[in-house]
Amino acid sequence: MRELVAQTRVAPSDLIYPMFYADGLTEKREISSMPGQYQHTLDSLKAAAHEALAAGVRCVDLFGVPLDSDKDATGSVAWAEDGVLNRGIRALREEFGDDLVIMADTCLDEFTDHGHCGVLGEDKQGSQVVLNDATLECYTRMAVAQARAGAHMVSPSGMMDGQVAAIRQALDAEGYTGVSIMAYSAKYASAFFGPFREAVGSSLRGDRRTYQQDPANQRESLLEAELDIAEGADFVMVKPAMAYLDVVSEIAKFSPVPVAAYQVSGEYAMIQAAGRNGWVDSEATMLESLTSIKRAGADQILTYFAVDAARILR
Ligand code: PBG
């Protein structure tokens, strides 16, 4: 009876699995703050993607972890044809063709030696800032390189103004008119990203509060989503998920394109940690969290639980 009347259903095909491919590893390495998640080698990446697909997950989101020696001020290895992320994308596309939707993270923070999502410079008053428009140029090169490597979808996550329009224009100009864009529209400057910093070996000191959203605010996030839709986003996304369900819900009310939510590393880590201590039932908590995110209005959920959840949901 409950199933008959349930207003919300989570299906494996709603879930997007974020994965990490790291340069220079001889075997996969577990991320200590994200038990069950790995920095992959090419072989283990392909094997894990096969497991995801077998469980019914149809989309993966790939992040690259470069060697420290490949990082520089602009993150140029991000658009190098043989850069770690582009190699990972190419390997997945060769392995899966169109059976798996291959999404790539389109942001510089893993690749810059300072760890920021854009290039640094001085503004007119001499303050050190992330330069919006100079960063857009890097993003367009990166997105085109990802499309060339075989990504079905790129996902600008750096919160620069105009990033969706710039990437759409660059992809179209190179003939990649069918490559979709998932816009990180409302990405908050969140402490819930903590474990991700280990996952990608981040070099960041300080924070991203000059370009990510302030947790105190909702209105600006709605504007950011509107702008991304007008710029040609194929999906808009809210991140983190559970602490921002009001934002998901408000955007879902007006968005003409699918609305995704990203259950981030800290959300995953908290449920796993409490589960391991016997303080919560981690399986039930996982499923409840995913159901709540969908109930709020998310059409797709990016989650490190994707494969575990899909196996149970099947
Ligand atoms: C930046 C990026 C971040 C995450 C995804 N993309 C980190 C940040 O903005 O600081 C976080 C993902 C997670 O915590 O799971 N490109």
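For all residues, glycine too, the Cβ spot is worked out from N, Cα and C.
The active site, schiff-base intermediate with substrate feature in TrEMBL is assigned to K187 (among others). In sequence order, S157, M159, Q212, Q213, M237, V238, K239 constitute the residues six or more apart from K187 (active site, schiff-base intermediate with substrate) in its chain with CB-CB distances below 8 Å.
What TrEMBL records for K239 (among others) is active site, schiff-base intermediate with substrate. Cβ neighbours within 10 Å of K239 (active site, schiff-base intermediate with substrate), excluding its own Cβ and spanning all shown chains: 25.
Every protein chain considered, the tally of other Cβ atoms within 10 Å of the Cβ of R208 (5-aminolevulinate 1 binding site) stands at 21. Sequence annotations record features per position, and here TrEMBL assigns 5-aminolevulinate 1 binding site to R197, R208.
As annotated by TrEMBL, Mg(2+) binding site applies to E224. Contacts of E224 (Mg(2+) binding site) defined by a Cβ separation under 8 A and a same-chain sequence distance of 6+ are given as M159, S185, A186, Q213, in order along the sequence.
Feature annotation from TrEMBL assigns 5-aminolevulinate 2 binding site to S265, Y304. Long-range Cβ neighbours of Y304 (5-aminolevulinate 2 binding site) (same chain, at least 6 residues apart, Cβ-Cβ under 8 Å): Y17, P18, M34, G36, Q37, Q263, S265, Y268.
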- Once the DSSP letters are reduced so that anything not helix or strand counts as coil, what is E224 (Mg(2+) binding site)? helix
- Looking at the binding-site residues R197, E224, S265, which have a C-beta within less than 6 Å of some atom in ligand 1? S265
- Please name the residue among the binding-site residues R197, S265 whose C-beta has the most neighbouring C-beta atoms within 10 angstroms. S265
